[in-house]
Structure formats: structure tokens, C-alpha cells
Amino acid sequence: MGAGASAEEKHSRELEKKLKEDAEKDARTVKLLLLGAGESGKSTIVKQMKIIHQDGYSLEECLEFIAIIYGNTLQSILAIVRAMTTLNIQYGDSARQDDARKLMHMADTIEEGTMPKEMSDIIQRLWKDSGIQACFDRASEYQLNDSAGYYLSDLERLVTPGYVPTEQDVLRSRVKTTGIIETQFSFKDLNFRMFDVGGQRSERKKWIHCFEGVTCIIFIAALSAYDMVLVEDDEVNRMHESLHLFNSICNHRYFATTSIVLFLNKKDVFSEKIKKAHLSICFPDYDGPNTYEDAGNYIKVQFLELNMRRDVKEIYSHMTCATDTQNVKFVFDAVTDIIIKENLKDCGLF
């Protein structure tokens, strides 16, 4: 009789111990949801987590990005060439017109993700043309990857035999996210599960089942999108779409108790753009100084004022540059401290 009881007690103690361990593990698991409109920089943040909190990119993984980088470079120059026609811009050198025609033809015939020498020579000649540069300066009037200038001005390096993409090359590469991508890593005794969700409108209906049990939402909005329209709808300003989306997320009943952090991203692109294009393009009521600080702060206020529960719910915001590893490292460190403070104080672990 006694032996049976003690075995039962032992089993009970073991079960209790396991339940306690499971509870601690759950308490240390952080579900992070990355949300934001298309091309705001969500996937770049995910790449940074791999660089900062995992082992970064192996040589093999870096080499896999070559095809993407070549594809991005070709898409960019083709977008500029097409815009030359729609914006009615003349080539600085009429010989470039033939180069442009040749390039269009080659783009349809080459193997995707490759960059033959003849093609890279044509692209480099086009990129140096004054008309192409004038068209590039008007990039907000058509759809162009943020990485266009980065890759096109460094194409000679990218096509050198034996080229291995650098971390920066990888960070600037762009593949549209479809579906949901999960990344797991540990930091400050926490186990993170980060979910990157496609930002284009057609992808958003896939978000809903990710919502349950989310610890923190990082909402990413591109500061530089204030003078741009959507890929999916050229009537809608990207900043307005981002504000609309943020409004629906931050005031959603699902997220009443969820920490929300706002990343105002692409501050590097914004700081250059604001020198040339006035914020009133997006916000006609804005009559403040058209400086990085004033305009940036005005955008931040537009987002934060959408929070209907300001008295009980604080939204933390950071200006970010997702391609800058040190900046992301610093900001994510601060975000983790917020998560610890907000969500884990109840479980007695911290």
C-alpha cells in the first residue's frame, strides 16, 4: 500500500515538475509578428535576425543570392528604361536608345538570374547616361526597388568572376514574401518565434491565424513611402495605406493586450528624399519645416495618434534603417527589454 502511494507521489511530483518546466518554457517563448504594407522592409529585418542572432549566412547561402541580385538589378534598369518612355525623358546619348532596345530583347531570352557580359556592359553604359539618371531621380513616379542605385552603381563588382555577395548585398536583395515565414532564435534567455507575413493586399488574409497568443507586434512602415503609390493600386498613396493598416491592427480587439512596436523604417532613404520632395505631397495640412527631424516627427505623430487607447496602451516607436545591422541590433535590444518589462513581469521569472 505504502509503496504504491509513494510511486504515485513520485509520479505526481515529476508531472508537477514537467508542468512547471513547460510553463517556464512557454513564459520564455516570445511570438513576434512582423506586420506592415508591402515593401516596408519586414523581410530585411528577418535577414538581420539571422545575421545578429543566428550564425549569419554561410558561403553557400550567400552564393544562392547571386541569381536574386542579378534579377533585381535587371528589373531595376528595365523599370527605369520603361519609365523613360512614360515620363518622356530623352537619353543623353542617342546611342543608348539602341542599348535599351537590345536590353529589352536580351531580358526576354536569357536564363533568369544570369548576367552575361554583353548585358552587364549595356546596363553599365545605360546607368551612366544623363537621361537615365534624370529618370532615376524621379523614381517616386513609377515602381522601382530601393536597391536600384546600390546595385546599378556597383555592377562592375557584382559581375567580377568569383563574386560572392556580401552581407549588405544580401540585405538589399528583394524577393516578394508570399505566405508566412517563421524564424526562430534565442536572445536574453528568451526563445523568439518571429513571423514575417506578406505585406501586399492579397497576402493579408493569411495573417489572421497567426494572431493567437502573439506577445508583440512589430509594425513596419517605410518613412520614404510618403510620395509613392502602391504596387497593387496606383491610386493609393503608400503612406496612407500604411496608416490605414496600422489603424486596423493597433485598435483590433485581438491586440488589446499585445505590445505594439512601430518601426519607422528606411530613414536613410527618407533623409535624402525629404531634401527634394515636400511632405505636403502626402499630408496637405503639413506646413512645418521640410527637414528630416520635423517631417519624420510629424509622420510618427500621425501613426501614434491612431491609437484609440492611448490612456492604457503605449506604442513604442523607433526610426530604423533595416539594412544597417548596428541600428537593427540596437533597436531590437530595446524592443526585447520592452517585451520583458511588459509581458513577462507577471510570470515571476524576471
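Every residue, even glycine, has its Cβ placed from backbone N, Cα and C.
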Between 182-191, 192-201, 282-291, I'd like to know which one Swiss-Prot lists as region 'G3 motif'. 192-201
If you check Swiss-Prot, which stretch out of 31-44, 87-100 is marked region 'G1 motif'? 31-44
Rounding to whole Å, the Cα atoms of ALA322 (GTP binding site) and SER43 (Mg(2+) binding site) are apart by 9
Summed over the region 'G5 motif' (320-325), the DSSP helix, strand and coil counts are 1 helix, 0 strand, 5 coil
Average model confidence [pLDDT] within the region 'G3 motif' (192-201): 76
Across SER43, THR177, listed as binding-site residues, the smallest other-CB tally within 10 A is for THR177
Taking SER43 (Mg(2+) binding site) as the reference, which of LEU171, THR177, LYS266 (the binding-site residues) have a CA within 10 A of its CA? LEU171, THR177
